[in-house]
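K.L.:
Let me begin by handing over the structure; questions about it come next.
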Amino acid sequence: MAAPDSHTFCLMQATHLNISSNSLDTYMTLIVPRPHGSSRGWTAVGLGIEMDGALMFVIYGDPKSSKPPTFSVRTSSGHAQPEVMSGSDPEVRLISSTWQRPSANSHYPPSTYLASISFVCRDISKWTGTNIDVLSADQPWIWATNAEQSFSGFETDAWLEPHSHQHRHDSTGMFTVDMRPIKPPGNAAPQPDRRPDLGTHGQSGDQEPSWFTRSRLWTLHGALLGVAFVALYPAGAVSMRMGFGCAFKYHWILQLLGTILLTAGAMTGLALHPRLDGSHQRVGFAILVLAWTQVLLGLQHHIRFLKTSRRTWISTSHVWLGRLLMAVGCGNVLLGMSIRGRGRAVIGTMFVLIVLELVSIAYYGRSARSTLPHRSADEGARFHQARAEDDCFAIGDDDGDDEERTSGQFPDCEEGRGQEFADEKH
């Protein structure tokens, strides 16, 4: 099967009965041209009517290197980044992977290189991601090409340029294949190459997590980071403006818990895709480093404030780094949702909620300064004198530090609350 226009590939397929296992094995050869020996881009074909659950075969590599074309078996949950398929049926074994030059009578220009990949899928009907009928005369397939992506490496799990609704393929389409088995007597099917560098994809007993497990882990990755940036970090920021002795305690507990969830989510992502070869990963790694820097800045601020009762450059850095991390982190959560193929409505709703949340935090931070609790004359004088100093944890402003100023007056949380209510009665 050849795709139209300039995005051309050739797929040859034959299904044979495996007498030993009494199953139908599907042998395929995929030939992909690379004009001028370009190392950019990739070509993919997949069994299924859409990306969701399709069994995909992706080809990329550098024709002018000493390494053969990369053959990557993947699948996808929704219209999202395809993930390497492992630990589940069917077994996909590579037979050969080579770069070739076109023959003299070929219609390809002489400068073209051809990636030739041959492989076998053992009992392909075991695939559960989508319906595959090896007895069908018109089994649906999908295909896509990208001629521009520049790879930093050609590993089997290399990052492919995102192709959610914001990023379109250079070319995509569907076709059908007659999958019915060939039945001539004595027709021996070719045997897979057992060289260790070619390997097997998807054998049972593989130590890597299955596609289903990987999909769940990606969901966990997103959930941990979403809770950290959309719930815990904002709650920790607001807690500093609550005006009682427990404010600082709540603040550091919530912020530390958020950073722990951020770390767990980042480590989950790195375990699933251990390379920083995309904007989402690079931004996420930078956020992780800066988040722990923020923890250290907060600790140093607290220690210095207890000694001097004044803010320093550390205090200012802590404030602005926190604001930056919250904004960029929420943005990266939205980017991750896009990469996972969440719909426009879901991403748009989350965007509106995040904007409303950040605006509300800023408004609450400013209004909190104008609604100070009433206290006795002596206590009130001390409180307002402290409030006149700069505040290093303000959400809407950079001045006013409720934590250290109120904690000295109300060392016990419940006692502080009671005192506030008592003062209001006066």
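Sequential numbering from 1, following the chain as shown.
A Cβ is built for glycine as well, from the same backbone N, Cα and C atoms used for every other residue.
Predicted automatically and left uncurated, TrEMBL annotations should be read as such.
Relevant sequence annotations retrieved from TrEMBL are reproduced here:
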DOMAIN    42-146  domain 'DOMON'
REGION    69-89  region 'Disordered'
COMPBIAS  69-79  compositional bias 'Polar residues'
REGION    179-209  region 'Disordered'
TRANSMEM  217-238  transmembrane segment
DOMAIN    220-337  domain 'Cytochrome b561'
TRANSMEM  250-271  transmembrane segment
TRANSMEM  283-299  transmembrane segment
TRANSMEM  320-339  transmembrane segment
TRANSMEM  345-365  transmembrane segment
REGION    393-426  region 'Disordered'
COMPBIAS  414-426  compositional bias 'Basic and acidic residues'
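A description of the local structural setting of each listed feature is requested, covering burial, neighbours and distances.
P.N.:
If you average pLDDT over the domain 'DOMON' (42-146) in this model, you get 88.
Nonlocal intrachain contacts for the compositional bias 'Polar residues' (69-79), taken as residues 6+ away from its ends with a CB within less than 8 angstroms of a stretch CB, comprise 32, 44, 50-61, 63, 85, 92, 94, 97-99, 115-117, 119, 129, 154-158, 163-165, 201-202, 211, 215, 218, 340-342.
With a threshold of 8 Å between CB atoms, the same-chain residues lying at least 6 positions outside the transmembrane segment (250-271) that come near it are 217-218, 220-225, 227-229, 231-233, 235-237, 239-240, 242, 281, 284-285, 287-288, 291-292, 294-295, 298, 329, 393, 403.
Sequence-distant neighbours of the transmembrane segment (283-299) (same chain, 6+ residues past either end, Cβ-Cβ under 8 Å): 225, 252, 255-256, 259, 262-263, 266, 269, 276, 314, 317-318, 321-322, 324-325, 328-329, 332, 335-336.
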K.L.:
Per DSSP, what is the residue count of the compositional bias 'Polar residues' (69-79) in each of helix, strand and coil?
P.N.:
0 helix, 7 strand, 4 coil
